[in-house]
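Shown next, in structure tokens, is the structure this report addresses.
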Amino acid sequence: MSRGKPIGRLFLVFAMFALFMAGCEKPMSNVLDPQGKTGKEQLHLINLSVYIMILVCVVVFAIFFYVLLRFRRKPGDNSIPKQVEGSLTLEILWIVIPVILLVILAIPTVAVTFSQAKAAPKQQSDDFIRVKAIGHQFWWEFQYPDHNIRTAQELHIPVGKKVYVEVTSDDVVHAFWVPGLAGKVDASPGRINRVPIDAEKPGVYKGRCAELCGASHALMNFQVVAEKSSDFDKWVKKRQSPNSDPQTAEQKDGKKVFAQNCMSCHAIDGTQLKMRGNKAPNLTGFSSRNKIAGLLDNNEKNLDRWLHNPEEVKPGTYMPGFSHLDKKDMTSLKAYLQSLE
Amino acid sequence: MATLVVLLVFALFIGAILTGGYNKQMIERFRSHWLWEWLTTVDHKKIGVLYALGGGFFFIFGGIEALLMRIQLFFPDNHFIVGRDFNELLSMHGTTMIFFVAMPLLFALMNVAIPLQIGARDVAFPFLNALGFWLFFAGALLMNLSWLFGGAPDSGWTNYVPIALNEYSPGTGIDYYVLGLQIAGFGTTMGGLNFLATIINMRAPGMSFLRMPLFTWTSFVASALVLFGFPPLTAGLFLVMFDRLFGAQFFEVALGGNPVIWQHLFWIFGHPEVYIVILPAFGVMSDVISNFARKRLFGYTSMVFATLLIGFLGFMVWAHHMFTVGMGPMVNSIFAIATMAIAVPTGIKVFNWLFTLWGGKITFTTAMLYAVGFIPTFVMGGVTGIMLSVPPADFQYHDTYFVVAHFHYVLIGGTVFGILSGLYYWWPKMFGYTLNETLGKWNFWIFFIGFHLTFLIQHVIGLYGMPRRYFTYQAEDGITLFNQISTVGAVMMAVGAILLVLNIFVSYRQRESLVAGGDPWDGRTLEWAIPSPPPVYNFAQLPQVRALDCWWHEKMEGNKEMEPAEPLESIHMPNDTPLPLIMSIGFFIAGLGLVFRAFEVGIVGLLVVIVAMFMRSFKPDHGYHIEVEEIKATEKGA
């Protein structure tokens, strides 16, 4: 990762901290290092405005420090300085120059604002895909209307293709934000907002909710997994015809436990369960996800923690704890969930 | 409810036992008590002090809330205060600091300085002035009671719906917010109206509009913004109140409602509010800088017009808080350009301050340090403001710590520095002694450095992808160190604030040696022409104003005092009255009743208000006169 991006030049201090960052930097969620076209256009505007503002700051600070050093009152000096009324020339100067600077900034601003607001083309094509992102307290649902897929917490996209994300909400106002790819847009109940995203490199990008949405607003993370086109197609196939059948006896028991306790809220595609709950994340292919609840690393210990006491992990979550299940049921449930690919 | 009644009766019993029951002497004893004088005062100087005390009191709460949040954010995945509790802290911190700290402290300065600066004996409506203060205090107290009874509001100071509606915030928190802000908002609106009327009608002979000190000018514009800015907020609060108390469903999408309406109403108020709190601070800076540079303000007229322009444009830009709502590129572009336009008048101000200093003889008192420290700080907050006005870039900054850093740079670097500068500047006028300068300088430097330590790094935290209002972050985000630096800075700011309190305490102990005459700073404007603290009637004879910076003008002419514009006559003064306090208690009871859905209590509270209004309207109160002999005696003593 490159450190000391242009904003580092804004203040010396920033550059200093950029050095600190080098060690602990985890890429992919940094506004200053976007991996997609939308984010890069936005970064260009950020840079342009930073350059103009550095110019302003330099001029103001130079005058400021000169004045403070030059015009101190010496002890015992009781003379009265000349009472100046003002200067028309100067006033015009510091009206005209800022106006010019602002025009320089405003033109690309308006141009990009319009170009980024274009909606997805009407007819389907191979150049882009459409995704619907729906915010819930406190998780994200993703639907691929053209592929007939519903999933949650992990948004898979093909590298190099434009992805038009249609963002909305099922309850309160959230905001869909993938800092490493593009700026955010609000997820409001009853309306659909669009944001075009794309990733130039394969990788995992951190996504966040950016509008206060309740107790676990800070934990409403999700992930954007950008894959090569071929990998993405494989993923699509797998989601369209998932293998959710239990293999071992333990897993079969687990499926029963799931049917008794979980299915009214959670759905798993490719099973013959009586219900397909849609109040909570779709769990198809659970074991292939990087994170549990969008938050914890996906391993048995964390799954155990989450199932026993979700409130401790995500305050205010609608998921109830299942510590009342006996040990055997819990083990088989975990085994079943971890077998879902 | 029953508990409340029992407590009330119990309190009456205790009162009766302690006072020996009701008798006439008891009323006399009440009336002669010093506290009674403060509870019933209508004197603008005393109300100014009350506003300062109220604002300072709630500043402690807001500050503690901020510190608790910074402690939680010291470590990644910290479990000190999480979830809803953290949301309560951030909501109350924002609401308290804006409505119950910044506004009252500015009103304190306005109350103290404006009548003196324009040569008036009081504000236009002294009764309304007292009522404004007590309503603010009742509203603020009501909202802070939420910590004790039923939980604090938890939907941010912006209180977006639907998260603020019953379904998602079922406790009483938001009810406290809605009712507390309505009550405090009444008070603020009255205050704004009062200052408008005062400045238009009560200027001394010769004090034309273009001779008014800049603090009076900026407060004038800010008051106009209060008058037009608060009604949309009140309308929005009404909608939320009806929704929560009576199930009105204004924001329910399924019934044709629209949650975005609240955002518009809030920001139509919210953006002018930013200028309401920054413009008077600009005014303080202008007066202080001109005073301690010993020069008249450079480009006075353009400063005045820049203020008017900022006030006007302040109403045209609210939607830049809502770029991500999805209003479309046309709306976003219009509001982006309008926002950028504000940079021009603000730039005029900054350069005029710099050129006021240019060629001056600068004395660095604490007041001046705050004014000088304000310039670079505010410029940095200003340039990030322009950066935020670019919609596609704002999609990245919006609701992140970058925004948090930006608005703290303007609100602390602008408003708070302005308030503190004004406090050090006008303290001798209020109390007759200056604050200790050595402690003052410690106070400034520690607060100033702590401030930059806290908030400079928050720009980076935001760009590294941390949204605001997050109670935690993960170690993998790589922002642990930045958050720790920020917390250290916050602690330093707290130390700075404690030094201010210490300074006030120490200066009070040393007041004999810090005693200030009428004009301790070699001032320029009219308030320095009269004794400190001023007599209750301010000016024995209204002065004749002959120039901008009229007191400086007279001093340059070799005069020892302002030329009087009227003969010495008896002065008509308003009577003190407990009615504003009683009305506010009525509103407080009504608010508390509605919070707990005890509508009968709400009605009782409103009845108290109506009875007090009736008494005010129909009981004749003609005030009293201070006779010439008494004035002469006071003037000789001073």
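Cβ atoms are placed via backbone N, Cα and C, with glycine included.
Annotated domain 'Cytochrome oxidase subunit I profile' per TrEMBL: B:30-546, in sequence order.
According to TrEMBL, the transmembrane segment annotation covers B:6-23 (among others).
Taken from TrEMBL, the feature transmembrane segment covers B:95-114 (among others). Counting only same-chain residues 6+ beyond the ends of the transmembrane segment (B:95-114), those with a CB under 8 A from a CB of the stretch are 44-45, 47-52, 54-56, 58-59, 61-62, 65, 120, 123, 129, 132-133, 136, 139-140, 143-144, 153, 157, 177, 181, 184, 188, 191, 195, 198-199, 215-216, 219, 222, 273, 276-277, 280-281, 284, 411, 415-416, 419, 422-423, 426, 429-430, 527.
Taken from TrEMBL, the feature transmembrane segment covers B:126-149 (among others).
Beyond the ends of the transmembrane segment (B:214-241), by six or more residues, the same chain brings 106, 109-110, 113-114, 117-118, 159, 161, 164-165, 174-175, 178-179, 181-182, 185, 188-189, 191-196, 199, 248, 250-251, 261-262, 265-266, 268-270, 272-273, 275-277, 279-284, 286-287, 290, 297, 300, 303-304, 307-308, 310-311, 314-315, 422, 594 to within a C-beta distance below 8 angstroms of the stretch. Per TrEMBL, the feature transmembrane segment maps to B:214-241 (among others).
Within its own chain, the transmembrane segment (B:261-285) is flanked in space by residues 98, 102-103, 106, 109-110, 158-161, 213-219, 221-222, 225-226, 228-233, 235-236, 239-240, 250-251, 307, 310-311, 314-315, 317-322, 325, 349, 353, 371, 374-375, 407, 410-411, 414-415, 417-419, 421-422, 425, which lie at least six positions past its ends and keep a Cβ under 8 Å from the stretch. What TrEMBL lists as transmembrane segment is B:261-285 (among others).
Residues or ranges marked as transmembrane segment by TrEMBL: B:297-318 (among others). Using a Cβ-Cβ cut-off under 8 Å and counting only residues 6 or more beyond its ends in the same chain, the transmembrane segment (B:297-318) has close neighbours at 210, 214, 217-218, 221-222, 224-225, 228-229, 264, 267-268, 270-272, 274-275, 279, 282, 286, 289-290, 335, 338-339, 341-342, 344-346, 348-349, 352-353, 355-356, 358, 548.
Per TrEMBL, the feature transmembrane segment maps to B:330-355 (among others). If you look at the transmembrane segment (B:330-355), the same-chain residues 6 or more away from its ends with a CB under 8 A from one of its CBs are 282, 285-286, 289, 297-299, 302-303, 305-307, 309-310, 313-314, 316-320, 323, 375, 378-379, 382, 385-386, 388-391.
Within the chain carrying the transmembrane segment (B:367-387), a Cβ under 8 angstroms from the stretch's Cβ atoms is held by residues 281, 284-285, 288-289, 291-292, 339-340, 343, 346, 350, 353-354, 357, 393, 397, 402, 405-410, 412-414, 417-418, 420-422, 424-425, 440-441, 444-445, 448, 451-452, 459, 521, all 6 or more beyond its ends. For B:367-387 (among others), the entry in TrEMBL reads transmembrane segment.
Per TrEMBL, the feature transmembrane segment maps to B:407-427 (among others).
The transmembrane segment annotation in TrEMBL covers B:439-461 (among others).
Feature annotation from TrEMBL assigns transmembrane segment to B:481-506 (among others).
Annotation comment: TrEMBL describes B:602-618 (among others) as transmembrane segment.
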Maximum Cβ pairs under 8 Å to the transmembrane segment (B:407-427) - stretch from the list B:126-149, B:439-461, B:481-506, B:602-618: B:439-461
Same-chain residues near the transmembrane segment (B:439-461), Cβ under 8 Å, at least 6 residues beyond its ends: 70, 365-366, 369-370, 373, 377, 384, 400-402, 404-406, 408-409, 412-413, 420, 424, 479, 482-483, 485-497, 499-500, 502-503, 506-507
Sequence-remote partners of the transmembrane segment (B:481-506) [C-beta within less than 8 Å, at least six residues beyond its ends]: 59, 63, 66-67, 70-71, 73-74, 76, 420, 435-436, 439-440, 442-444, 446-455, 457-458, 460-461, 464, 473
Arithmetic mean of per-residue pLDDT over the domain 'Cytochrome oxidase subunit I profile' (B:30-546): 95
